[in-house]
Amino acid sequence: MFSIQQPLLVFSDLDGTLLDSHSYDWQPAAPWLSRLHEANIPVILCSSKTSAEMLYLQKMLGLQGLPLIAENGAVIQLAEQWQDIDGFPRIISGISHGEICQVLNKLREKEHFKFTTFDDVDDATIAEWTGLSRSQAALTQLHEASVTLIWRDSDEHMAQFIARLNELGLQFMQGARFWHVLDASAGKDQAANWIIATYQQLSGRRPTTLGLGDGPNDAPLLEVMDYAVIVKGLNREGVHLHDEDPARVWRTQREGPEGWREGLDHFFSAR
């Protein structure tokens with residue numbers, strides 16, 4: 001399929017993909033992370049998490065200095081060596097976190113939708129919801145261009161809520177455990193395409209791309225990849241792509257980082 005010697009970018013979701021959904025362990029993927037690092041193949045993290053959370057995790061994973069995609073594509077953290085690019089160190093897409101909060105508060109007040117955002121609670125509550133430490137939970141509240149929430153209303157009201165958001169230029173995106181509100185123009189796919197184009201411009205050659213994800217919000221990212229790994233996940237809706245050619249897409253039997261490793265094993269040994 002491809003070799004570790006060719007120009008390659010690996011885009012990876014975090015929770016439920018590279019990280020275990022419950023323990024946040026990534027050790028089953030560690031050998032591949034080391035191998036990719038030694039081959040100078042960037043592993044670009046893509047998540048609904050804030051850039052503050054992701055920079056912390058990026059360092060723990062040994063991926064510091066690489067670009068990353070935060071808040072479902074609404075934020076792009078640039079690579080350390082891209083200091084000449086406009087917007088360094090981060091590019092923010094569309095409506096800001098504060099503006100989205102204002103919209104949500106008005107909708108909740110006037111139309112009585114029931115939901116709880118991360119801005120409504122303290123870090124201790126988020127730590128309880130997520131299993132994170134309080135210091136890590138505090139990083140989850142540092143949104144720049146999205147809002148994370150728990151939906152506490154009916155499916156019928158959700159449809160009305162989504163329609164209202166769309167009218168206001170916003171989208172409602174489902175993650176592994178929470179829902180996210182962000183600018184309608186933002187997305188993991190747009191952010192990934194921007195990063196791919198930047199690498200192509202700098203190297204003079206378009207790199208081959210491999211994406212890994214486990215949730216519905218990863219589908220746009222995986223659609224624009226040359227090859228995709230759909231890691232077996234907890235979400236009942238799963239991931240469905242328009243092009244699921246077995247030569248391009250691999251669905252893992254294992255979950256989390258074990259599935260991540262399985263996907264890398266498949267594509268690097270398939271040819």
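A Cβ is built for glycine as well, from the same backbone N, Cα and C atoms used for every other residue.
According to DSSP, ASP13 (active site, nucleophile) sits in a coil region rather than a helix or strand. The active site, nucleophile annotation in Swiss-Prot covers ASP13.
Around the Cβ of ASP13 (active site, nucleophile), a 10 Å sphere holds 30 further Cβ atoms from the protein chains shown. What Swiss-Prot lists as Mg(2+) binding site is ASP13, ASP15, ASP214, and the listing cites sequence analysis.
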- Among all chains shown, work out which of the binding-site residues ASP15, ASP214 has the most CB atoms within 10 A of its CB. ASP214
- Give the sequence-ordered set of same-chain residues, not counting ASP13, ASP15, ASP214, with Cβ within 8 Å of the centre of the Cβ atoms defining the Mg(2+) site. LEU14, GLY16, THR17, LEU18, LEU19, SER21, SER47, ALA176, GLY213, GLY215, ASP218, VAL231, GLY233
